[in-house]
Amino acid sequence: MAIFSLLERRIGPGNPSVFDMSDISCCSQCAEMGQQQQHRIVEFLPGDPTNPMEFSAAKKWFITSIVTTSILAITLTSSAYSSSAVQVMAEFDVSSEVFALGISLFVLGFAVGPALWAPLSELYGRQVLFVVTHGFVTAFVAASAGCNSMASLLVFRFLAGTFGASPMTNSGGVIADMFPPAQRGLALTFFSAAPFMGPVFGPVIGGFVTETVGWRWVHGVCAIFVGLVWIAGSLLLPETYGPVLLSRRAAALTRETGRQHVSVLHAARAGSGSGSGGGGSSSPAAVFGRALRRPWALLFLEPIVLVASTYLAILYGIIYMFLGAFPIVYQRNRGWSPGVGGLAFLGLAVGMLLGLAYTVLDNGRYQRLLAAGRATPESRLPPAMLGALVLPASMFAFAWTNGPGVHWAASIVLSAPFGFGCVLVFLSILNYLLDAYTIYAASVLAAGAILRSFFATAFPLFVSQMYANLGIHWASSVPAFLTVLCMPFPFLVYRYGAALRMKCRYAHEAAMLLAKMRGTQSGEAAEETPASA
């Protein structure tokens with residue numbers, strides 16, 4: 001099969017976009033998919049330096065560090081605001097419920113944004129979306145520091161969350177673009193911890209900034225942090241989404257040769273008659289329409305995505321519930337200042353760091369399964385099973401030791417296993433979903449982000465009333481009961497997930513398309529080997 005590799009054979013690694021036209025005559029045997037002798041298939045060469053999967057390890061980890069830091073900056077900004085309650089409520093004369101809207105509306109933006117940013121990234125790539133949306137986040141967070149009314153503060157926080165949903169959604173896709181499943185686990189371990197670490201460290205930083213220079217500088221510090229990440233990403237992040245890179249190459253070859261070229265993914269979809277929504281149209285409007293519907297289809301039509309996303313959404317909602325609950329438990333009931341009260345979140349942070357360490361160690365187990373040829377998406381789930389058992393135990397322990405009559409260290413120490421369990425469950429399930437849905441990584445992340453954000457939006461709104469009506473013990477027990485309900489999920493999926501995936505449309509389609517792409521590459525390798533010999 002003579003495909004794009006024949007056109008690129010003489011391309012130097014320093015200039016991979018300049019095409020040597022002397023080999024065009026070699027393409028008379030190009031594979032046809034769809035219409036015979038009309039479409040030539042474009043795919044990456046083995047060792048192609050422009051293929052994100054072929055980036056050096058150092059480059060991959062550098063890109064991972066930027067996108068991970070972008071998530072940390074966005075989520076830290078969402079929660080740092082919580083420590084300035086007293087000053088904001090006094091300056092604008094608003095109730096605690098109205099103040100809590102500042103948290104909820106920011107996170108509501110996380111729910112609204114993915115429905116737009118995920119399909120746009122799959123159409124136009126990750127890089128453009130990062131540069132544009134991160135710039136707007138920086139502007140809106142900075143504008144929040146100068147607000148002269150509560151209404152304008154709420155509007156700017158909602159807009160910051162909406163545009164902040166772009167890096168929240170697409171950064172995971174960047175990692176999936178660069179790392180094959182065998183290498184992805186460790187990268188996703190660090191990346192996926194950021195949505196948890198940001199909300200935990202936000203109140204710690206925000207509390208001391210509020211005490212020192214006032215609530216406006218909380219937004220100022222966050223704007224500086226987000227802005228630095230934006231500048232670094234704009235200057236240093238390359239495009240990583242393979243289908244977009246191949247589509248650009250196909251378009252360039254079509255212009256240069258006058259012959260129609262299509263990417264291997266487009267050809268595979270056309271050949272299978274699939275397209276994530278039916279039909280084979282590849283017009284921008286049709287593709288955008290299908291991509292826009294896909295996160296919702298994944299969420300409501302794929303049982304795996306729905307149940308997994310619900311579990312993660314409950315955990316994420318609990319973390320944002322703590323943003324309102326911890327000030328009640330430690331500041332109102334124990335008389336701690338905002339800065340010292342923020343330190344109560346360090347118990348969760350320590351647990352999350354321990355969860356990260358455990359996940360890194362567990363990656364060795366997965367690598368052994370992979371080397372033996374026995375790794376499946378379900379092989380990612382054993383840490384989630386452990387986490388599912390730890391979560392309710394920690395929540396109930398925290399709930400019944402957080403009163404003023406018990407030393408403060410008890411409840412903070414007992415909150416650490418919750419952070420540990422959160423990381424184990426979140427990372428394992430995320431890896432499972434990405435392995436199961438491969439080319440739909442951004443849409444799977446968008447589907448989960450939508451549901452997580454709705455839960456994280458709602459939970460802070462009823463914290464004050466729930467703790468006032470139920471008391472700190474029973475109010476803290478409510479989320480513990482929710483984790484009990486979710487506990488069987490990883491065990492059931494570990495046992496029955498393989499059969500269920502083959503009955504799920506998008507999981508099955510992703511597996512088939514990936515197999516076709518790998519088969520095409522294997523076929524070319526077999527054909528090129530004798531020629532080189």
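In case you wondered, yes, glycine gets a Cβ from its N, Cα and C as well.
Curation does not apply to TrEMBL; its annotations are automatic.
Remember, predicted model here, so these are calculated numbers, not experimental data.
If you check TrEMBL, you get these features:
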type	residues	note
TRANSMEM	61-78	transmembrane segment
DOMAIN	63-533	domain 'Major facilitator superfamily (MFS) profile'
TRANSMEM	98-116	transmembrane segment
TRANSMEM	128-146	transmembrane segment
TRANSMEM	158-179	transmembrane segment
TRANSMEM	186-205	transmembrane segment
TRANSMEM	217-238	transmembrane segment
TRANSMEM	298-323	transmembrane segment
TRANSMEM	343-361	transmembrane segment
TRANSMEM	406-430	transmembrane segment
TRANSMEM	437-462	transmembrane segment
TRANSMEM	474-494	transmembrane segment
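When pLDDT is averaged over the domain 'Major facilitator superfamily (MFS) profile' (63-533), the result is 85.
In this chain, the transmembrane segment (98-116) lies in contact with the transmembrane segment (437-462); the count of Cβ pairs under 8 Å, excluding pairs fewer than 6 apart in sequence, is at least 3.
In this chain, the transmembrane segment (98-116) does not touch the transmembrane segment (186-205); fewer than three CB pairs sit within less than 8 A of each other, excluding pairs fewer than 6 residues apart. A contact between the transmembrane segment (406-430) and the transmembrane segment (298-323) is present, since 3 or more of their C-beta pairs, 6 or more residues apart, lie under 8 Å. A contact links the transmembrane segment (158-179) to the transmembrane segment (128-146), because at least 3 Cβ pairs that are 6 or more residues apart lie under 8 A. When Cβ distances are compared across the two stretches, the transmembrane segment (474-494) makes contact with the transmembrane segment (298-323), since 3 or more pairs at least 6 residues apart fall below 8 angstroms. Long-range neighbours of the transmembrane segment (128-146) within the same chain, counting only residues 6 or more positions beyond its ends whose Cβ lies under 8 Å from a Cβ of the stretch, are 67, 70, 74, 77, 117, 120-121, 153, 156-157, 159-160, 163-164, 166-167, 170, 216-220, 222-223, 226-227, 229-230, 233-234, 237. Residues 185-186, 189-190, 193, 196-197, 200-201, 203-204, 207, 319, 322, 326, 329-330, 336, 383, 387, 394, 408, 411-424, 427-428 of the same chain, all 6+ positions outside the transmembrane segment (343-361), place their C-beta atoms under 8 angstroms from a C-beta of that stretch.
Counting same-chain residues at least six beyond the ends of the transmembrane segment (98-116), those with a Cβ under 8 angstroms from any Cβ of the stretch are 77-79, 81-82, 85, 88-89, 150, 153-154, 157-166, 168-169, 292, 295-296, 320, 323-324, 445-447, 449-454, 456-458, 460-461, 463-464.
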